[in-house]
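Student: Take this structure first; my questions come after.
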Amino acid sequence: MAMVCLSDFEAYAKKYLPKIAWDFFAAGADDCSTRDENILAYKRIRFRPRMLRDVSMMDIRTKLLGTEISFPVGIAPTGFHQLAWPDGEKSTARAAKAMNTCYIASTYSTCTLEDISAAAPGGLRWFQLYIHRNRAVSQQLVQRAEALGFQGLVLTADLPYTGKRRDDVRNGFRLPPHMKLKNLEGAFEVCKMSLLDPSVTWNDIYWLRSLTHLPIIIKGILTKEDAELAVRHGVQGIIVSNHGGRQLDGGPATIDALVEVAEAVQGRVEVYLDGGIRKGSDVLKALALGAKCVFIGRPALWGLAYKGEEGLQDVLRILQDEFRLSMALAG
């Protein structure tokens with residue numbers, strides 16, 4: 001079957017992944033209304049295309065905190081890539097490097113930070129952090145990431161507790177015995193995810209600052225009030241995100257929240273977005289509304305499920321081609 005668009009990869013992944021893995025990746029919280037709204041919101045946004053603008057030459061490159069990437073789509077942090085492909089996050093890192101874009105590696109990776117680094121030396125990588133009750137574990141992860149050459153620290157702010165994802169509850173979701181949360185091995189048993197610290201506040205940004213020289217990007221911001229607080233606490237970037245609709249059901253679609261966040265920030269820090277990107281035209285809409293770059297979560301996993309790093313490169317390439325075409329057609 002010819003893979004023409006991202007929904008072709010979604011259909012493939014749904015057909016061939018074990019049900020428990022597919023359900024885990026697809027899950028939203030409660031009724032999944034926010035998960036679905038992330039996608040539907042793009043369909044309501046219309047372009048105002050301009051004609052007869054010379055579009056024979058287009059430059060789709062951009063920079064993330066000063067580092068150039070080939071086009072404004074990176075890979076969002078998602079857990080457990082080995083559920084999609086045996087090589088897991090190593091394949092993800094290789095695909096990101098091959099496409100010259102940014103990969104945000106998750107705390108909950110099924111490969112170690114060391115393995116991810118070694119798989120794609122010199123690639124642009126950020127590290128996504130959850131702060132655990134055992135602060136020493138989080139501190140050690142941050143320092144490992146910095147020592148390994150990760151170039152940014154992404155603090156996920158929207159997970160004091162795990163949202164209720166009904167299919168995971170029904171399935172009794174656990175990682176298969178041969179897979180491990182490699183970055184936390186020996187630290188504690190984390191399958192229940194109950195060791196996250198729900199007492200984290202804005203003041204903990206200062207604590208993180210004291211541990212690392214890496215720029216801090218905060219992920220999970222959906223309001224102008226929190227965007228203001230992020231700027232005030234000295235972060236370098238904001239990812240407008242609702243965790244793919246997996247946390248609080250009934251929150252806004254990220255593309256809708258982007259407008260107020262970008263307005264509040266006024267260019268003082270870089271603003272990115274994840275959630276609901278399925279076409280190159282979605283990328284263009286996000287950029288038009290104030291994002292510097294977008295990150296894809298589930299589509300990256302579908303690409304892995306299809307053909308590992310090659311499948312993920314295919315997904316990125318399709319988005320890149322669609323984005324370039326949308327830019328040209330919109331003038």
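Using N, Cα and C of the backbone, Cβ positions are placed for all residues, glycine too.
These numbers come from a predicted model, not from an experiment.
So TrEMBL lists the following for this protein:
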| type | residues | note |
| --- | --- | --- |
| DOMAIN | 1-331 | domain 'FMN hydroxy acid dehydrogenase' |
| BINDING | 77-79, SER106, GLN128, TYR130, THR156, LYS219, SER241, 274-278, 297-298 | FMN binding site |
| BINDING | ARG165, HIS243, ARG246 | glyoxylate binding site |
| ACT_SITE | HIS243 | active site, proton acceptor |
Student: When you rank PRO77, GLN128, ILE277 by Cα distance to ARG165 (glyoxylate binding site), which of the binding-site residues ends up on top as the closest?
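Tutor: Spatially nearest to ARG165 (glyoxylate binding site) by Cα position is PRO77.
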Student: Count the other Cβ atoms sitting within 10 Å of the Cβ of ARG165 (glyoxylate binding site), across every protein chain shown.
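Tutor: ARG165 (glyoxylate binding site) is surrounded by 23 other Cβ atoms within 10 Å.
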Student: Centre the Cβ atoms of ARG165, HIS243, ARG246, go out 8 Å, and tell me which other residues of that chain have a Cβ in range of the glyoxylate site.
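Tutor: Checked against the 8 Å cutoff, the neighbours are ALA27, GLY28, ALA29, ARG35, THR162, GLY163, GLY244, GLY245, GLN247.
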Student: Across the whole of the domain 'FMN hydroxy acid dehydrogenase' (1-331), what does the mean pLDDT come to? Round it, please.
Tutor: 96
Student: If I take the alpha carbons of GLY275 (FMN binding site) and HIS243 (glyoxylate binding site), what is the distance between them in whole Å?
Tutor: 7
Student: Could you measure between ARG246 (glyoxylate binding site) and ILE277 (FMN binding site) for me? Cα positions, answer in whole angstrom.
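Tutor: ILE277 (FMN binding site) has its Cα 16 Å from the Cα of ARG246 (glyoxylate binding site).
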Student: Return the single residue from the binding-site residues list (GLN128, THR156, SER241) that has the minimum number of other CB atoms within 10 Å.
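Tutor: Fewest other Cβ atoms within 10 Å, among the binding-site residues GLN128, THR156, SER241, is found for THR156.
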Student: How big is the gap, in Å, between the Cα of HIS243 (glyoxylate binding site) and that of GLY79 (FMN binding site), rounded to a whole number?
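Tutor: It is 12 Å, counting Cα to Cα.
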Student: Tally every other Cβ atom lying within 10 Å of the Cβ atom of ILE277 (FMN binding site).
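Tutor: That number is 28.
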Student: Can you give the largest Cα to Cα distance in Å, as a whole number, for the residues ARG165, HIS243, ARG246 that bind glyoxylate in the record?
Tutor: 12
